[in-house]
Amino acid sequence: MKIFFVTFLTIVLMQKRERLHALVWVVVISMGYFGATNGLETILTGGKYIVWGPPGTFIADNNQLAMAMIMTLPLIRYLQLSSDVRLIKLSMTGLMILTVFSILGSQSRGAFLGLIAVTAMLILKSRNRGRLALLTICLLGVAAAFVPDHWVNRMETLENVEEDKSAMGRIRAWTFNFRLAVENPVFGGGFNAYQDRDLFLRLVPEAPRNANAHSIYFEVLGEHSFIGLALFLSLGIACWKHLNRIRKITRDDANLRWAYDLASMVQVSLIGYFSAGAFLNLAFFDYYYTLLSVAVVLFEIIAPKQTLARTDVPLIFHPVEARVRG
């Protein structure tokens, strides 16, 4: 409930461009701190140690931290695009590079797949695709030169699911949540149903122990069944279409270029969440719902401008008013 309360509060309070821009800055500075410090540590140690988030938070685990970093990358890019100050542009470029190393330093395979998806989308949505693609290739070359063998070996397990105990654990967890949804097709098993060890082992007898869903999709499916999953996916799809509408409205308006860029980058953040989230357990991550609120507020900001643009036409095109004057 706290997450939804803060989401609605954000929508109510952030009704101006300056406030929305400030919100993005707060998110980038907050998450960028971990991206910069952990990225620098990863570079200095050659990726020897796994990076972790602050204890007692949503992002304490290395996987969750990496997912948050993935979602932040596009917002850093937005700040870079929206600024005319060279120092800020260079700072955002450096922060993006350090954040990428922070993601690699997490040694999270789900986050690695999410990073690939986000990088591809950033290139596709970039105004200078060639330059960004070249920078990406150079960055990958540098990363490949310093990552340790155990990092490479861990990523290679993505190809050998049956030989990887962690991957098999995920499959068992997904099986549990699917069977739980079938058993409770309306309301699901409720929050944290996996913690019931007897229930878990009854539905998945071959499992050595109970484990969480390791997927936002199976997490929602098991806890809230098929109806809950449909609502969860509908929320994301509706937000995506909303952002597409914003991009269509603002594409050819130089004064609203900032809104076009922000809508585009929020879409990339959503790609990061939904791709990395396929293997990570953060269905109720408040960061995701903050992005949804940004999409809502962004449309509320530009909608009045579009209304004025449509009504700002000569009197001849307003026949009712013309008749009154006549």
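Heads up, the Cβ atoms here are built off N, Cα and C, so glycines get one too.
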- Choose the correct range: of 66-86, 255-275, which one does TrEMBL annotate as transmembrane segment? Give that range. 255-275
- Reduced to three DSSP states, the domain 'DUF5935' (3-80) has 59 helix, 0 strand, 19 coil
